[in-house]
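Taken from TrEMBL, the feature domain 'Phosphotyrosine protein phosphatase I' covers 2-151. Sequence annotations record features per position, and here TrEMBL assigns active site, nucleophile to CYS8. As annotated by TrEMBL, active site applies to ARG14. Residues annotated as active site, proton donor in TrEMBL: ASP127.
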Amino acid sequence: MKKVLFVCHGNICRSPMAEFIARDLAKKASLSDVEFASKATTQDEINASGIGRDMDRRAKSKLDEKGIPYTYHEASQVTREDYQKYDYLFCMDEENFLDLNRITGGDPEGKEKKLLTLLGSHKDIDDPWFTGDFETSYRQIKQACEVLIENLKNE
């Protein structure tokens, strides 16, 4: 079974959107031997008791609008151990990429990539928590996840 981790700053917008979009696309493609998850590079959305916030309401609204099912989500932070647990670790932007690399202690196996590299781009997926543009984030994530699912089907 392949395991894919999506990573963003707080794990309440982009990375959980990617997780649920990828799950939906995999289900529609009858791809059942892949596990998707998402985590944060920071503890910004995790309280002092260690409980993470649910996905941002605007991200939920965008997924609802697009007919993408989702479940309750609790933000959590990526760990060094996640590097060995996952086959692919996809970041949303350059800052996430650098933070992930610092947390995991490097990327000797070449598993850590920015999500849009799947589309041949080195651009970032801007954080809609700041921009408010959940449509653009959704569109970029979905396009990259479509390529990811095709790649996984062909492995």
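Cβ coordinates are placed from backbone N, Cα and C, and glycine is handled just like the others.
Structure coloured by features recorded in TrEMBL.
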residue: CYS8; record: active site, nucleophile; DSSP class: strand
residue: ARG14; record: active site; DSSP class: helix
residue: ASP127; record: active site, proton donor; DSSP class: coil
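In this structure, the active-site residues CYS8, ASP127 were compared by how many other Cβ atoms lie within 10 Å of their Cβ, and the smallest count belongs to ASP127. Per-class residue totals from DSSP over the domain 'Phosphotyrosine protein phosphatase I' (2-151), listed helix then strand then coil: 67 helix, 24 strand, 59 coil. Summarising model confidence by region, the domain 'Phosphotyrosine protein phosphatase I' (2-151) averages a pLDDT of 97. Remark: the residue listed as 'active site' has PHE6, CYS8, ALA59, MET92, ILE125, ASP127, PRO128, SER137, ILE141 as non-local neighbours, by Cβ distance under 8 Å and separation of at least 6 in sequence.
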